[in-house]
Structures are given as C-alpha cells and as structure tokens.
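To start, the structure under review is shown below, and the notes come after it.
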Amino acid sequence: MRLFLAVFPPPEVQRAAFAIEEELRRSGDGVSWVKLENLHYTMRFLGELGEDGARRAAEAAAEAAAGALESPAALGALGAFPSSRRARVLWVSLSEGAEELANLARALEDALKRRGFGRADQRFSAHLTLGRVRVPGPDWTDRLAAVKLPDPAATRFTVDRLLLVESHLSPRGSTYTVRTEALLASGDPSRLPPRGTS
C-alpha cells in the first residue's frame with residue numbers, strides 16, 4: 001500500500017485553500033490540481049509498505065503525536081518548488097505554526113528511524129500542495145503574486161492530530177483512506193510524557 005503521514009486542515013480551511021487554487025486555475029493550464037478533500041500538509045511520504053511497515057509507521061506517528069502539543073496554524077503565502085520561475089509544484093505555506101509543524105516532523109523522523117525507516121529524501125518544509133505543473137516552462141511569479149489571499153486570521157485552525165493515510169491512484173486522480181489517527185496532547189504541557197518515553 002502507498003502511505004504517507006499528514007496533517008489535514010478542517011474543511012473550512014480546505015475550502016479557503018481551494019478558493020486560492022480555483023483562482024490559479026484561471027491563470028494557467030498544464031497543471032494537475034489537487035481535489036478539495038485531498039488538500040493537506042504532508043509530514044512524511046512513506047511510499048509502498050506492507051502491513052508490518054504500516055504498523056511501524058502508525059506506532060511512530062503515535063509516539064511523535066504523544067510528545068507534541070496541539071498548536072495553532074493558519075494559511076500563509078503562495079510559493080512554488082523549485083522556484084516560481086521554474087515551477088513544478090504550487091503550494092501555500094503557513095503564516096502561523098510552521099515552526100511547530102517542523103518540530104513535529106523532526107520528532108516523527110526520529111520515531112520512524114527507531115523503527116527501521118530511513119531518513120526522508122528531502123528536508124521538511126511546511127506546505128500545502130495546490131497543484132503539480134505537468135508542462136514546465138511558464139514563469140509563475142506574476143500569477144502567484146496576483147492572487148488575493150485570505151486574511152490569515154480567517155484560516156486559523158488547530159493542529160491536533162497526525163494521520164496515516166493510504167493513497168489509491170487512478171486515472172481520475174488520487175483518493176485517500178485514513179488508516180490511523182494519532183492525537184496530539186492538548187494545551188497542558190503536563191500531559192506530555194517524560195523525555196525518553198512514549
């Protein structure tokens with residue numbers, strides 16, 4: 001099964017991100033756009049795993065989540081990988097909560113490593129993918145700058161869970177199935193486990 005670990009914003013924040021995506025759709029063809037219900041922040045792509053790998057990934061997610069507090073987040077600026085001039089991936093960042101999400105990603109990497117997983121291929125960067133450019137070439141700098149972004153305060157949400165998700169690929173696009181859900185500790189630091197335990 002094809003698996004990844006992710007944080008999914010609530011539906012109202014997904015809709016705000018999708019509104020940005022819809023505006024971008026009008027300014028460029030040759031892009032594979034992400035469906036509304038699939039919008040998320042990828043914490044770690046795991047690839048093809050069997051049942052044992054899925055179990056170990058779920059354990060790692062539970063460990064990382066138990067050692068982290070819920071934190072506020074909000075949608076941020078638009079950007080592209082590797083750059084807006086040579087865009088291959090179009091995304092929206094976080095205006096709030098990026099550091100906390102990066103800390104969670106580091107804890108997740110450590111928990112995965114303890115369970116036999118190799119290190120991630122790329123350094124973690126908090127971003128919500130809107131689309132993947134299939135036909136490279138056009139400079140997206142002006143198009144990204146022209147998009148009217150929502151007030152970050154209107155897109156605030158709480159990062160409170162880490163999901164292990166299975167991706168099913170088809171000609172109509174990906175569909176996702178949540179395999180496990182690991183809750184972060186709510187705002188009281190005393191609920192965190194002592195260091196060195198899970």
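Backbone N, Cα and C atoms are what each Cβ position is placed from, and that goes for glycine too.
Cβ neighbours within 10 Å of H40 (active site, proton donor), excluding its own Cβ and spanning all shown chains: 19. In the three-state DSSP scheme, H40 (active site, proton donor) is classed as coil. The active site, proton donor annotation in TrEMBL covers H40.
Close to H127 (active site, proton acceptor) in the fold, though at least 6 residues off in sequence, lie Y41, G79, F81, W91, V92, S93, each with a CB less than 8 Å from its CB. The active site, proton acceptor annotation in TrEMBL covers H127.
For the domain 'Phosphoesterase HXTX' (7-91), the number of residues in each DSSP class (helix H, G, I; strand E, B; coil) is 34 helix, 27 strand, 24 coil. Among the features that TrEMBL reports, domain 'Phosphoesterase HXTX' is placed at 7-91 (among others).
Sequence annotations record features per position, and here TrEMBL assigns domain 'Phosphoesterase HXTX' to 95-173 (among others). Mapped onto DSSP helix, strand and coil, the domain 'Phosphoesterase HXTX' (95-173) counts 27 helix, 19 strand, 33 coil.
Under the heading motif 'HXTX 1', TrEMBL lists 40-43.
Marked as motif 'HXTX 2' by TrEMBL: 127-130. On the 0 to 100 pLDDT scale, the motif 'HXTX 2' (127-130) averages 98 in the predicted structure.
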